[in-house]
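Written below as C-alpha cells is the structure these notes are about.
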Amino acid sequence: MLATWTPEQELNKVRLRSGADMKRKLTWYDLVALGVGGMLGVGVFVTTGPVARKTSGPSVFISYIIAALSALLSSLCYTEFSVDVPVAGGAFSYLRVTFGEFVGYFAGANILMEYVLSNAAVSRSFTEYLSCAFGRNDPNSWRLHVHGLMQGYNMLDFPAVALIIVLTVCLCHSTKESSMLNLIMTAFHVVFFGFIIIAGFCNGKVENLVKPGGIAPYGVRGILDGAAIVYFSYIGYDTVSTMAEEIRNPCKTLPVGIVGSVLIVSALYCLMALSLCLLVPYNMIPEGASFSAVFQQMGWKWASNVVGAGASMGIVASLLVAMLGQARYLCVIGRARLVPSWFAKVHPTTGTPLNATIILGICQASIALFTELEIVIEMISIGTLLVFYLVSNALIFRRYVILSKNPPLHTLFFLFLLSSTSLAFSLAWKFKLRWWNLLFFAGLIISMTVIFQYLVPLVVTERPESWLVPFMPWPATISIFLNVFLMTTLKMVAYKRFGIWAGVVTIFYVLYGVHSTYHAEEILEMVVVDNVNANSSTQQQITKVEIQLL
C-alpha cells in the first residue's frame, strides 16, 4: 500500500506496459483550448444567477475572483507535478510517486467517479439547452417519460446517449483530430461569451450594481459562500495534465496550457457575472436559465435561442475534454495492474487508449440515459475537492522530504496541523461562531506556515526540464486551506454517498488490486533480468528511455 515509484520508473518501466506509445502531437495552443473547453461548460450558466440572487448579490463577480484564486493555486500544484512526471495518469501518478500506491489508487478512483458521473449528467444538460436553441421551453421535451420508474430516473435521454457515442468514436480515432474539433468549438464558445459580455456592458446600467442594498448586500459571508458555490465552474483544468504523454516539449508546454487556461476562463467568468448584474438588479435575476431569461426581459427573445445554442456547444467541448482525460486515467491505473491490464492497451495505429475509451463511454452513456444532474452533482464535487487537497499536500511533501532530503516527521506533522486547523476554521465559519474564533484559527495557520518555512530547509535544484511553484510552501498551504473550506460547504448527503463509494473502492483494492500488483511486479522483475541477458532487448529498452528523456 505504501510502495512508491520514481518519476523515471513511471516514465519508462510502467509506461511500457501499454505496448504502443501515445502519439506526441499536441502543442501549447491545443492545451490552452483543451483547458478552456474543459472548464467553459454548463457551470457558469447554472450557478451565476442563483448565487447573485440569493448568496452574493452584485458582488458575485468577486466570488468568481476568489474561486479563481483557489483554482489557480491548485493548478500550480498540478503543473509542477505534470512537468516532473509527464505521464497520462494525472493525480494518480503524482500521488503514487509521493504517498504510495493506495493513496494514488484512491485518488484515481475518485477522479474516475467524478468524470463518469459528471459527463453523464452534463450530457443530459446538452439536451435541455439544445431544445432551447430550437425554441422549446420545456427541458424534457426531447426526453421519453417512462411510467413505473423512480422519480429522477424516469426520463430517458436518447440525445445525450447519441452525443456520448459520437464523441467516443471521435476519441478512439485520434487525439489530435479530437483536439482540433475542441479548438473549433471552444473558439465559437468564446465568441458567444463575448456576445453576452458586450451586450451586458453596452445595455446595462451601473446603478444596478448598487441598488438595492449596495454591491454586497449579503456581506463578506455572502461573497465567500458564493465563491464556494461558483468554484465548481472551474473544474476541468486537471484534464490538461493527463495529456502529458501526447505533448511536444512538456516542460514548456504544460505550464502555459494549465495556468493559461485557468487565467482565460477566470477573466471570462468574472466579466460574464458582471454583465449579468449590469443588465438587471440582482433581486430581479431569475434563478433558472438566468442569462436566457434576462435577455427575454430586455425584449431580446431571439437571444435566448442564441444562449441555448452557445451553451450546447460549450457542453460538447467540455464533455470532449473530460472524456479525453478519463480514458487516460483508467489507462495508467491499468498499467499499475490495479484494474485489469486490458484497460492499459494503447492502439498501435491511432495511439489512443482504445479499450479504456470504449468501456467508459458505455458506462456514462448508460448513466446518462436515466440519471438526473441533481442526483450526482454534490458527490462529484467532494471527490474532486479531495483529490485537489491530496495533490497540494503531496507537493509540500515532495519538495520538503523527497527532493530536500529532510526527515518526513516534521513535514507530516505540519500537514496534519494545517489540515486540522483549516477544518476548525471552516467549521467555525459554517456554524457562525464569533469572529475572534476565525481570527484565532487564521492566525494559527499563518504562524504554523511561517515556523515550518523557517525551521525546515527547502533545497531548490533547478533542472532544464523542471518547473517549480514559487514562494513555497505558501501556494500549496493556501490551496489546502481553500479545498478544506469548500468541502465543508457541502451537504451531509454528499458525504454519505462518498462514504459508500470509498468503501467499495477500498474493498476492491484489498480483494483484487494489491494482489494483482504484487504478482505483476514480481513477474516484471523476472522479465527485466531476462532482458539484461539479451543484448538486443537491452539496447532497445535503453533507446526508448533516451527518447523519452529527450
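The backbone N, Cα and C atoms fix where each Cβ goes, and this holds for glycine too.
For 467-516, the entry in TrEMBL reads domain 'Cationic amino acid transporter C-terminal'.
Sequence-distant contacts of the transmembrane segment (26-49) (same chain, six or more residues past either end, CB-CB distance under 8 Å): 60, 122, 125, 129, 175-176, 179, 182-183, 185-187, 189-190, 193, 229-230, 232-237, 239-240, 243, 246-248, 252-254, 256-258, 260-262, 264-265, 268-269, 272-273, 276, 285-291, 293, 307, 311, 314-315, 317-322, 324-325. Annotated transmembrane segment per TrEMBL: 26-49 (among others), in sequence order.
If you look up TrEMBL, you'll see 61-81 (among others) marked as transmembrane segment.
As annotated by TrEMBL, transmembrane segment applies to 152-171 (among others).
Sequence-remote contacts of a segment are chain residues at least 6 beyond its ends whose Cβ falls under 8 Å from one of its Cβ atoms, and for the transmembrane segment (183-206) they are 29-30, 33, 36-37, 40, 268, 271-272, 274-279, 291, 295, 298, 300, 303, 306-307, 309-310, 313-314, 316-317, 320. Sequence annotations record features per position, and here TrEMBL assigns transmembrane segment to 183-206 (among others).
According to TrEMBL, the transmembrane segment annotation covers 218-237 (among others). Long-range contacts of the transmembrane segment (218-237) within the same chain: residues 35, 38-39, 41, 43-44, 47-48, 50-51, 55-57, 59-60, 62-64, 66-68, 70-71, 75, 78, 114, 118, 258, 261-262, 265-266, 269, 273, 318, 321-322, 381, 384, 429, 485-486, 489, each at least 6 residues beyond the stretch ends and with a Cβ under 8 Å from a Cβ of the stretch.
Annotation source TrEMBL lists transmembrane segment at 258-282 (among others).
Per TrEMBL, transmembrane segment is recorded for 302-325 (among others). When Cβ-Cβ distances below 8 Å are used as the criterion, the transmembrane segment (302-325) is approached by residues 34-35, 37-42, 45, 90, 115, 118-119, 122-123, 125-126, 129-135, 163-164, 167-168, 170-171, 175, 178, 181-182, 185-186, 188-189, 192-193, 195-196, 199, 236, 238-239, 242-243, 289, 291-293, 295-296, 357, 360-361, 364 of the same chain, each at least six residues removed from its ends.
Feature annotation from TrEMBL assigns transmembrane segment to 375-397 (among others).
Residues or ranges marked as transmembrane segment by TrEMBL: 409-429 (among others).
Feature annotation from TrEMBL assigns transmembrane segment to 436-455 (among others).
Taken from TrEMBL, the feature transmembrane segment covers 467-486 (among others).
Positions annotated as transmembrane segment by TrEMBL: 498-518 (among others). Long-range contacts of the transmembrane segment (498-518) within the same chain: residues 1, 101-102, 105-106, 109-110, 113, 336-339, 379, 382-383, each at least 6 residues beyond the stretch ends and with a Cβ under 8 Å from a Cβ of the stretch.
For the domain 'Cationic amino acid transporter C-terminal' (467-516), the DSSP counts in helix, strand and coil order read 39 helix, 0 strand, 11 coil. Remote same-chain partners of the transmembrane segment (258-282), defined as residues 6 or more beyond its termini with a Cβ less than 8 Å from a stretch Cβ, comprise 28, 31-32, 34-36, 38-40, 44, 48-49, 52-53, 57-58, 60-61, 63-65, 68, 71-72, 75-76, 78-79, 82, 190, 193, 196-197, 199-201, 203-206, 208-209, 211-213, 217, 230, 233-234, 237, 240-241, 290-291, 294, 297-298.
With respect to Cβ pairs under 8 Å, the transmembrane segment (61-81) is most closely packed against 467-486, considering the stretches 152-171, 409-429, 436-455, 467-486.
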